[in-house]
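**Q** Have a look at this one.
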Ligand SMILES: O=C(O)C1=C[C@@H](OP(=O)(O)O)[C@@H](O)[C@H](O)C1
Ligand SMILES: C=C(OP(=O)(O)O)C(=O)O
């Protein structure tokens, strides 16, 4: 669905803003899965409410789990494990976390669960997890296509055991198997074989949240083991989404002044924590204190040479900053971004170049030479992070218009209000 275009505001002077960010998408959707499989109810405190997390909540409801809103929190009451009464349909939208984390849960129900999503969702990598689930005992009918849509024929349990997978296309292929594994009869041993798995912090997040819920997890190089056993409910407090801090903190480098994000955890598995050193390398003065994380900009915005494999989801905003920098950038390790919401390497190159930029695609990344940019319509390809990247360009370039702005609601429905609030101080 297309929504109105949005004229991105330019920055009229140095910033002095504090931006309170909603919860982490990645933590919220893991918390929902773990709560659905627990022995007792779970209160999820300060979850993210966005398209991706509402789809996860709704998908779990289809599988017989109760997810009730209590104020801003979610109270999750696991089903009786009998599963849905009849055939059900789950819509994953364009959410990687839903399409990879929910099918293993579906395999544990006694239902016939058809899973589908947006047209682009049908192109995102799924074959490794479909094959792995089959090897672990699931029955899945995908018409031999190896992608969405498919039907999981749940039998009320899944044997589990050892499986080898090529997860170079997405860390979520491993996370999905691990999150449900305490409920597999034999648990799971997942071994990765292939080019490196991206997004290592997201795998650490999976392991940490499983352990916090009482699971026994062992890890080795390209190896993860989860023992069968009960998961605790209780309370899961969600951290602010640090990846969604990128555009706000980065704005201080473009406009000057300072931006603070409160509630920045002292220790976290979120990949967005890498913004502390990435934005410092690009010229920001970064400090972490009781007020949160503050980035000061003094007008310096340097190019960046960095391997972003571990923090791929930060790329669109980093690329936009790089296009405005005073020296070239080379961002590598991110070939897997071709399988994200859109082919992000193509989208970033095409859209920045259409504004007069010089972005070249590399086999595994982007080379960005800053050029004076002009205004124009930026296409967003149903990708929330393309909206965020375009907004960053708009801070410095008059006349940027962002297509279909509401697509940002995939992870940050209040984005435009937060953005104008930041600019107004
Ligand atoms: O597990 C997660 O919550 C995520 C893992 C990463 O996926 P990839 O490993 O596919 O990049 C990341 O990009 C995505 O936004 C969220
Ligand atoms: C890649 C992303 O999302 P998804 O969870 O859909 O993979 C992202 O948020 O940048």
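Here the Cβ of each residue, glycine as well, is placed from N, Cα and C on the backbone.
So TrEMBL says this about it:
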ACT_SITE  313  active site, proton acceptor
BINDING   25, 26, 30, 170, 171, 172, 199, 313, 340  3-phosphoshikimate binding site
BINDING   25, 96, 124, 172, 344, 385, 410  phosphoenolpyruvate binding site
DOMAIN    11-417  domain 'Enolpyruvate transferase'
**Q** In the structure shown, with every protein chain counted, which of the binding-site residues 124, 344, 410 has the densest set of Cβ atoms within 10 angstroms of its Cβ?
**A** 344
**Q** Rounded to a whole number, how many Å is the Cα of residue 124 (phosphoenolpyruvate binding site) away from the Cα of residue 171 (3-phosphoshikimate binding site)?
**A** 13
**Q** For the binding-site residues 30, 124, 199, 340, 344, which sit with their CB under 6 angstroms from an atom of ligand 2?
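**A** Among 30, 124, 199, 340, 344, near ligand 2: 340.
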**Q** Can you figure out which of 171, 199, 340 (the binding-site residues) comes closest in space to residue 410 (phosphoenolpyruvate binding site), comparing Cα atoms?
**A** 340
**Q** Any idea what the model's mean pLDDT is for the domain 'Enolpyruvate transferase' (11-417)?
**A** 97
**Q** Report the nearest neighbour of residue 385 (phosphoenolpyruvate binding site) in space among the recorded positions 30, 171, 199, 313, 340, comparing Cα positions.
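**A** So, spelling it out, the nearest of the recorded positions is 313.
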**Q** If you draw a 10 Å sphere around the Cβ of residue 96 (phosphoenolpyruvate binding site), how many other Cβ atoms fall inside it, taking every protein chain shown into account?
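**A** Excluding its own Cβ, residue 96 (phosphoenolpyruvate binding site) sees 28 Cβ atoms within 10 Å.
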**Q** For residue 313 (active site, proton acceptor), list the number of other Cβ atoms lying within 10 Å of its Cβ atom.
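**A** Taking all protein chains shown, residue 313 (active site, proton acceptor) has 26 Cβ neighbours within 10 Å.
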**Q** For residue 340 (3-phosphoshikimate binding site) and residue 96 (phosphoenolpyruvate binding site), determine the Cα separation and express it in whole Å.
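**A** Here the two Cα atoms lie 8 Å apart.
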**Q** Using a 10 Å radius around its CB, how many other CB atoms surround residue 171 (3-phosphoshikimate binding site)?
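**A** I count 26 other Cβ atoms within 10 Å of it.
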**Q** Which of these binding-site residues (30, 124, 171, 172, 199, 385) have a C-beta closer than 6 Å to some atom of ligand 1?
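**A** By the Cβ criterion, which requires under 6 Å to ligand 1, the hits are 171, 172, 199.
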**Q** Reduce the DSSP letter at residue 124 (phosphoenolpyruvate binding site) to three states and note it down.
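**A** Coil, per DSSP.
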**Q** Write down the Cα-Cα distance for residue 344 (phosphoenolpyruvate binding site) and residue 199 (3-phosphoshikimate binding site), rounded and given in Å.
**A** 16
**Q** Rounding to the nearest whole angstrom, report the longest C-alpha distance spanning 25, 26, 30, 170, 171, 172, 199, 313, 340, listed for 3-phosphoshikimate.
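**A** Per the listed residues, the maximum Cα distance equals 19 Å.
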**Q** Please classify the secondary structure at residue 171 (3-phosphoshikimate binding site) using three-state DSSP.
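**A** The three-state answer is coil.
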